[in-house]
Amino acid sequence: MLTFLKDYQYEIIYIIVTIFSVFALRFLTTFIQKKALKKGAERLGYESDGTTRTVRKILNTLWLILGATAIVLLFVSGEVHEKLLANSKFIVYTTIVAIGTIVFASTTNRWFKWKVTKKNTEHDDPTSLKFLRYIAIGAIYTLGVLLILLVLPGFKGVAQTVLGGAGVIAVIAGIASQEALGNIVSGLFIVSFKPFKIGDVIKIEGEMTGKVIDITLRHTVLQNFENRMIVVPNSVINKEKLINYDSIDQRVCERLGFNISYDSDIDLAKSIIRDECENHPLLLDKRTAKEISDGIPKVNVKVIELAAYAVVIRAWAWTANSDNSYTLRFDLLESIKKRFDKEGIVIPFPNQTISFKNPLKTEE
């Protein structure tokens, strides 16, 4: 036993130092990660960060692999030794690139989020920043993958081609007809020409109506009035007709139509409709000073049609935004119906009176 220890004392010391170094590096990595989390919570206000946890796991795995490799190198030689050493260098290179990519992408993402928050605080439009964030992060991860491919013999030529200017053009030309690129280009058009922005309420041709929550590289996310998420590909939005309820002027003119019977008092019905509209708390008075002095009412109420079964009356009521317009419409439909019932105003339904030229004969 003593002879064995004496013969291999340097190897044993080397193994012990290697194992100790691995545990020391793992402990130091975990310690630094916890300190980084604590500092981040104090300065930036976040409690946990997936980036630091991911980096810690990668580094801890790297220390184990390098430690095991260092020990195995003691017992191999020749070609195996050279291959193992080359693989170790590749692992270290890949780890450095992966960590650098993750940290750079996380830092970029956090910067964009900070800028978006600042824009929201200043009541400015953050749409372009949110879209650019996806492009920047995607580009960073793509570059990281290409840098790793550079050291793989089978992919080195591909990576060099893609990284070159001519290669980029060739790749774009090769996938130009693909749906994914179509969505990205459509997203760029949306962000550039701004038919809508994040926070706007839009209606896409059909029944898709909701508030724009996000615009990604592939799709636009809407939140409808049932609190459901609608995901629409950017290429679809770019082709369809849409209505933006919050573009330029957020005020909404809600048109309320009512049918009353020909026997009902038109003036009374118009008075009820105007009274209920003007007493609603969400009604917006958009009259000018001159219109107020001229005695023009807040709500314009007119007979717009003499239909087959009813007299059609319409009221034009303004609200500050689309959300208020929905609430105002639903409230007024109920309150005006109740007033009609109370005041004897009849809302008719289609009916016909049939007269026979010759009386029908009935059996006695």
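Glycine is treated like the rest: Cβ placed from N, Cα and C.
Quick caveat, the model's predicted, so the values are computed rather than measured.
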Which one of 12-29, 156-173 shows up in TrEMBL as transmembrane segment? 12-29
Using a Cβ distance cut-off of under 8 Å, indicate which of 12-29, 58-78, 131-152 has the most pairs with the transmembrane segment (90-111). 131-152
Taking every residue in the domain 'Mechanosensitive ion channel MscS' (181-246), what is their average pLDDT? 82
Residues of the parent chain within Cβ reach of the transmembrane segment (131-152), under 8 Å, 6 or more residues beyond its termini: 90, 93-94, 97-98, 100-101, 104-105, 108-109, 112-113, 116, 158-160, 162-163, 187-188, 190-191, 215-217
